[in-house]
Structures are given as structure tokens and as C-alpha cells.
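Visitor: Below is a structure I'd like to ask you about.
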Amino acid sequence: MALLGKLTLDLDPLRTSREFRYIFTARVVSLFGLGFLIVAVPLQVYEITASTAHVAAVSTVLGLTTFGATFAGGILADRYDRRRVIALARGCAGVAFAVLAINAFLPDPRLWVVYLAAIVDGICGGISATVLMSVTPTLLPRNKMAAAGALMALTGDLGAMIGPALGGVVIASGGVGLAFALAAATTAVTTFCITRLPALPPPRSAGESPLRAVASGFRYAAGHRVIGGVLVCGFVTMLLAGWSVLIPEYAAEVLGVGASVTGLLYAAPAVGAVLGALTSGWTGTVRWSGRAVFVGMLLSAAGLVGAGATGAVVVTVAGLAAHGFGEAVADILRYAIVQKHTAEEYGARIAGVWSAQVTAGASVGAVAAGVVAALVPIDAALAVYGATGLVATAVLAVTLKRLRRFDEHAQPLSDAAHVEQPTS
């Protein structure tokens, strides 16, 4: 029974914090709205243009604006009440979705409206995600950061599985206009939840210019005994995020399967990630959290190696699920380390770097996977891609000694003790 308790998802953040419940509810609702948009936007763009290039261009615009806005979110969170920043950002996004709905119901929908909405959504999404991450440590005890990370990861994984499926049903029954209208409605609910939070004033600021603030955040991460290493590990996670690029050709040419099994391959990592989140109770009490991060990363990479090793469907599905499980464990632990050990005055800026990694991960990983696919035959590409991640993780485990030796039980309460002091 004790072992089961250690494995089971820790729900204490939801039980003990009214404010966290509002944030959690806002995130769950917003993920369903995002699921509608993921399906509706590309479908409408293709209906208007019959061009895959335009579909890709809209996605690129959204990704680039989101990436840039994550850093802006860190700056805004250091200067203004964080509740107001999040509420304003989500409110503006809701207006953009409402405009998309109106545009969709027109006899001749305009493409430029979709591009404009993508820009607004990217800016608002990047800002709100960064500021929201910086808020969590102010609402919960630091020993509950892993539990909070697991709950957030679980909602993200479930949203990735359920949201687009519901979006497809909505579009099939009422068209893309209805999907956009529902996205606007979910955003209104999200905004209401955020307004129920207490005032969240920014930490004491040194009055730095925006560029200096971003630079000081990077300097803080680089000098920190743990945070810098965690963020470096994030780059390897980014490199392994492009596995989906290899799946269509691998499924057709190596496995010889159709669309239904291919869909199962795409879903397998999310299933593994959900399992990782549901059994994450131990992450809140683990002593050697840095080592556990490396173990999760190694499992994630090894899962891809296994998925591409035999050419058997069952093995491929199991390997992809293992990849998702390992990635979830590593991400939950990295999130907890960052949230627990980042000084409050740098929290928003570090959250910006984290959000930028998450935003750019799929694009960076897609490039890496494309390079592998161009260099090796498709029957070996998935295994080679995973093996590259194994090697990169092993190198980090050897070189990032402070993270590998990081002992949660021995850490002082002061974050200042984690930062390298300049020598005279």
C-alpha cells in the first residue's frame, strides 16, 4: 500500500490550494479549445487556398510569434501584476478566436484574417504560458512542484489526445466556424478563472531594460549549479521531439501498415506519457533528482531505438510508449527542479527560457529527424535517431556533474547558495 501511494499521482496541489485549482481548471479548459484550433485552422486554410504551403506558413507564423512572446512574457511578469497580464493575454486571444468564427461564417472567408489571428494567438499564448509558469511557485509549497508538474503534464497529454478528436467531431457536425466559436467560449472561461486569482504583484525589480533583463536571466541560469544543467538537458529533449516526422514513411515502407495503425503509432507516446504522469507520486520525494532526470531521458531515447529496431508493429508501439513515459518523467522532474530552486526575482525569465524550449522543440526535433532521414535508410532512421539521443544524454550525464550529484535532501533553503559567485 505504501508503494502504491508513492507511485500514485499526487493530488495535494488540487486539494490544498484554491488558487491552483483555478489555474488547473483554466488550463484544462484552454487545452480543449486549443484542440479545436489545431484541427480547424489548417482545415480552413486549406479550404481557402488548396495549398499545403499556406497551411505550413500559418503554422510557422504561429510558432515564431509564440517563441518570441515567451521572452516577452518573462519581461512583463517582472514588471506588472501577473494576474492582469495573463487575463489580458487570454482575453485578447478570445477576441481573435471570435473574429476567426465570424470570418468562417462569411460567404468568402479571408485568408489574411487567419494569418492575423495566428499572430495574435501566438503572442498571447506565449505571454500567458510563461507568466502562468512563473505564478505556480507562489501558490504552492516548493516540495509540491513535482506534483504540480505532473498534473500539468497529465492535462497536456490528455488534451493532446482528446482535444483534436473532439475538434474533428465538432467540425464534422457544425463546421470550422463552430469550432472557432467554442474556442472563443473556452477562452472566456479560462479568463474568468484567472480573474478569480488574488493579485500577483511582480517581484522586486532592479529596473533593468528588457534586453538586460533577458541577458541577466541567461547569466543567472549559466551560473546556477543546477538550473543551467536542467535547461541544457532541455535541448536534448528538443532534439528528440521530431520522431513524428519519421512515422509516415516508416509505417508505410517498413511496417507496411495503413492509416489506422499509423494513428496508433502517433498516439503511443501520449499513452506512455499519461502513464508516466499517473505513476509520478515518487517524483516529489526523490533524493537524487538530477540522476532521475538522466534516467528518464535515457529511457526516452532508448524507447525510440527499440521502436525502430525490429520492424514489428507491437515492438514499435511499445517503444514509442516507452519514449513517452521516459520523456514525461524527465520533464516532470526538470520542471520541479526549475520551480523549486529558481530565485523568485528570476522566475519569470527562466520560465521564458523553458517555454521557448517547449515551443521550439517540435521544430528543432523535426529538423534533426529530417537530417537523420536524409543520411540513413528509413528502416534504420528511427533507431539511429534514438541512438543519437542516447549518446547526447550520456555525454550530458558525464559532463553535468553538479546536476548528476544534486542531492535534494542536502540543499539549503537559500537559492543564493546554488549560484556561482564571481571571483575577484
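The backbone N, Cα and C atoms fix where each Cβ goes, and this holds for glycine too.
From TrEMBL, here are the annotated features:
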- 19-404: domain 'Major facilitator superfamily (MFS) profile' (DOMAIN)
- 20-43: transmembrane segment (TRANSMEM)
- 55-76: transmembrane segment (TRANSMEM)
- 88-106: transmembrane segment (TRANSMEM)
- 112-133: transmembrane segment (TRANSMEM)
- 169-194: transmembrane segment (TRANSMEM)
- 226-247: transmembrane segment (TRANSMEM)
- 259-280: transmembrane segment (TRANSMEM)
- 292-314: transmembrane segment (TRANSMEM)
- 320-338: transmembrane segment (TRANSMEM)
- 350-376: transmembrane segment (TRANSMEM)
- 382-400: transmembrane segment (TRANSMEM)
Visitor: Please report, as numbers and ranges, the same-chain residues at least 6 past the borders of the transmembrane segment (169-194) whose CB is under 8 Å from any CB of it.
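Guide: Beyond its ends, the transmembrane segment (169-194) has Cβ neighbours at 22-23, 25-27, 29-30, 32-34, 36-37, 39-40, 43-44, 47, 83, 86-87, 90-91, 93-95, 97-98, 100-101, 104-105.
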Visitor: Of the listed stretches 55-76, 292-314, 320-338, 350-376, which one has the most C-beta pairs under 8 A with the transmembrane segment (20-43)?
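Guide: Answer, by Cβ pair count: 55-76.
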Visitor: Please report, as numbers and ranges, the same-chain residues at least 6 past the borders of the transmembrane segment (382-400) whose CB is under 8 Å from any CB of it.
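Guide: Same-chain contacts beyond the ends: 229, 232-233, 236, 239-240, 242-243, 246, 250, 290, 294, 297-298, 300-309, 316, 323, 368-369, 372, 376.
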Visitor: Are there at least 3 C-beta pairs under 8 angstroms linking the transmembrane segment (112-133) and the transmembrane segment (292-314), leaving out pairs fewer than 6 apart in sequence?
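Guide: In this chain the transmembrane segment (292-314) does not contact the transmembrane segment (112-133) - fewer than 3 Cβ pairs sit under 8 Å.
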Visitor: Counting Cβ pairs closer than 8 Å, which of 55-76, 88-106, 226-247, 259-280, 320-338 has the most of them with the transmembrane segment (112-133)?
Guide: 55-76
Visitor: Using Cβ atoms only, state whether the transmembrane segment (226-247) and the transmembrane segment (320-338) have three or more pairs under 8 Å that are 6 or more apart in sequence.
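Guide: Judged by the Cβ rule, the two regions touch, with the required three close pairs present.
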Visitor: Rank 88-106, 259-280, 320-338, 350-376 by Cβ pairs under 8 Å to the transmembrane segment (55-76) and hand me the top one.
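Guide: If we count Cβ pairs closer than 8 Å to the transmembrane segment (55-76), 350-376 scores highest.
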